[in-house]
Amino acid sequence: MEISVQDYARECADKGLRGNYDVCRSDFTVEQEYDYTDAEQEVWRILSDRQTKLTKRLAHKSYLDGVEALGLIDRIPDFDEVSQKLRKLTGWELVAVPGLIPAPAFFDHLAERRFPVTNWLRKHEELDYIVEPDMFHDFFGHVPALTQPAFADFMQMYGQKAEGLIELGGGDMIERLYWYTAEFGLMQEAGQVKAFGAGLMSSFSELQFAVESPDAHHVPFDIETVMRTVYEIDKFQRAYFVLPSFSALRDGFEKSDLAAIIARWKDAPVLDPATI
Ligand SMILES: [Fe+2]
């Protein structure tokens, strides 16, 4: 059964999450309300300037093309303005949310080509680490790749298929697929490995580690292996999967028999990212 906004608001308050869920619509969206303070604009500029210096070197061209097309850099983005551009490119738009939202609501948005973006920004003392995803993570990390047609298609399909795969017992397995692609994915570019995943694009230290460190463990993307490999949320990843292209991700997700993969592995021991 799907959780109501009121119950979810209570859960979030109990966990100490900071979004204001009292003003949510039933699909967990809110108005962005573009009334950011000068201090918040300054935090955005610091994060964006610092990260852009890295992304120029370490981000995949498709991410950088997305930034260029959307113009994301110098101030807190106005979601409506960005949505106008994104709609023309891939038919996606942004919706504002107060923070994390329940998985079914998240999947419904993806299935309709709506990407939920948190409407508040971290504080100055949280430049390097924040527990919850904020606007910088959601926007700077996730949105540029949505300008790329094959990735945009993958994200919609993910939203469409997720609930059915969870019902088959594949909840953990499809979470891993999202984690190792949309959050921590790497991709080939002219013989080099570059990054596009949002967890990397919004992290100052892990982006450098993942792409440049000789200790970063790069593994060729294989959908079945990804779905079997566990991850940890508060450490650097012990494996990064490298896609040949976004088309390979979309086609792999579309054409693989995901139900059969889930049936084969859901009760089997998981793979350790350090040793795959
Ligand atoms: Fe994310």
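Cβ from N, Cα, C; glycine included.
The feature Fe cation binding site is assigned by TrEMBL to His137, His142, Glu183. Among the features that TrEMBL reports, domain 'Biopterin-dependent aromatic amino acid hydroxylase family profile' is placed at 1-276.
Same-chain neighbours of the Fe cation site beyond His137, His142, Glu183, judged by a C-beta within 8 angstroms of the site's C-beta center, are, in sequence order, Pro133, Asp138, Gly141, Ala182, Gly197, Ala198, Gly199, Met201, Ser202. Across the domain 'Biopterin-dependent aromatic amino acid hydroxylase family profile' (1-276), the prediction's mean pLDDT works out to 95. All protein chains considered, the CB of His137 (Fe cation binding site) has 22 other CB atoms within 10 Å. The Cβ of His142 (Fe cation binding site) has 23 other Cβ atoms within 10 Å, all protein chains considered.
In sequence order, Gly197, Ala198, Gly199, Leu200 constitute the residues six or more apart from Glu183 (Fe cation binding site) in its chain with CB-CB distances below 8 Å.
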